[in-house]
Structure formats: structure tokens, C-alpha cells
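A.B. asks: Residues annotated as domain 'Yip1' in TrEMBL: 14-178. Summarising the annotation, TrEMBL assigns transmembrane segment to 31-50, 70-92, 104-124, 130-153, 165-188.
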Amino acid sequence: MSLLKYAKMPFSFQDGWDQISAVQPSVLKTFFLLVLPLSLLPPAMLLYAGGHHALAYRLDADIAHWLEMAQVFLAAELITVPLMGLVIKQVASTRHICADFKDTYRLAAITAVPLWLSSLGLIIPQMWPMIGVIVLGLGIAASVLYRGCYFVLKMRDPMDAQLLSCEAFAFGAMVWALLCGFVLLNLMN
């Protein structure tokens, strides 16, 4: 899929999503081609920030501690994507929507892309602009989940898709915030 099509996904119910439905990769293929490579980006960016401008974020941990937190972050990311797929599937089933785990896992993986890319904000050696980039990634991920629920789960009413995506996103955002808070608190010591 082209990058341009992906860039349209947070703003369209059709563009990009039609290509997603045409290709039906297995969970393992989605993991190895999307989840694993992009999950490496945030830990790498944590290590970059820790080695180049940690003091700009008021964090004075040694690089070994940054490496430890990067490893924890990677493990948590790899656990969170299938967990989010299960949450989407469960929330859909409460609304009597039959969804295959393969589809909800793929939707969770696609939804995580803006979050993974927002870790590039750690290049910025100033705290507030970096936080702005990460919050922007969170907002785009919410939009991708909303549009994706509508298309992938074959919903007819955008309002139902919004409610379903809000329920699922509440869980995902909570886990994301807890993970970021855990890493931040550990790096402050």
C-alpha cells in the first residue's frame, strides 16, 4: 500500500481501507511485516533521546537504564497489539457484530502506526513540542480506529462505529498512558 493511501485513512471511510480489505494477510504476516518492524521504532527513539538530550526532558538516567526501559517498552508494545485486537473483537461482539480476530488484530496494528511514528518526536530536544507530536499521534490513532471500525467491521452507521471505537480506544489509550507513565517514572529515578 502506498504511503499516500495510508495518509488518507484517518480522514476517509474508503481511501486506503479498500486496499486493506483486498489483501487478507495472516496474523503472523501482519506481525512480521507491520507490528514487529514498527514496534522497534519507539525503543530506538528512547535510546536516541537518552543518549543525546535526556537532560532536555529533565531525565538524568544512565544509558543502561534507558536501554532497560526500551526493552520493557518493546515487550509491552508486542503484547498490547494482540490485546487491543481482542478488545476490539470483544467490544464488537457486545454490539452483535461478528468479527474475526485476524481482522481486529490487523485493525489494532494499523491503529498503532501513528503511535509508533509519533515516537519520532523524541528527536526534538524540547519537552513540550515532543509531547505535542506524541499527542498528535494519539489523536490520529483514534481517527484511524474510528474509520477502521466502520470499514473493517462492515458497520452501516458511522455513529455506531464512533461509539465502538471510543470504547476500544479508551482501553488502548489507558494502556498507552500507563506504559508511558511507567517508563517516565522509572527514568526519573
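Any Cβ shown, glycine's included, is placed from N, Cα and C.
Give me the local environment of each listed feature.
C.D. replies: Looking only at the domain 'Yip1' (14-178), the predicted model's pLDDT averages out at 94.
If one looks beyond the transmembrane segment (70-92) by at least 6 residues along the same chain, the residues whose Cβ comes under 8 Å of a Cβ in the stretch are 27, 31, 35-36, 39-40, 42-44, 46-47, 50, 98-101, 104-109, 111-112, 116, 145, 149, 153, 164, 167-168, 171-172, 175-176, 179, 182-183, 186.
Long-range contacts of the transmembrane segment (104-124) within its own chain (CB-CB distance under 8 A, at least 6 residues past either end) are made by residues 6, 9-10, 20, 25, 27, 30-31, 34-35, 38-39, 41-42, 45-46, 48-49, 77, 80-82, 84-89, 92, 130-134, 136-138, 140-141, 144-145, 148-149, 152, 172, 176.
Nonlocal intrachain contacts for the transmembrane segment (165-188), taken as residues 6+ away from its ends with a CB within less than 8 angstroms of a stretch CB, comprise 46, 50, 54, 59, 61, 65-66, 68-69, 72-73, 76, 80, 83-84, 87-88, 91, 108, 111, 115, 134, 138, 141-142, 145-146, 148-149.
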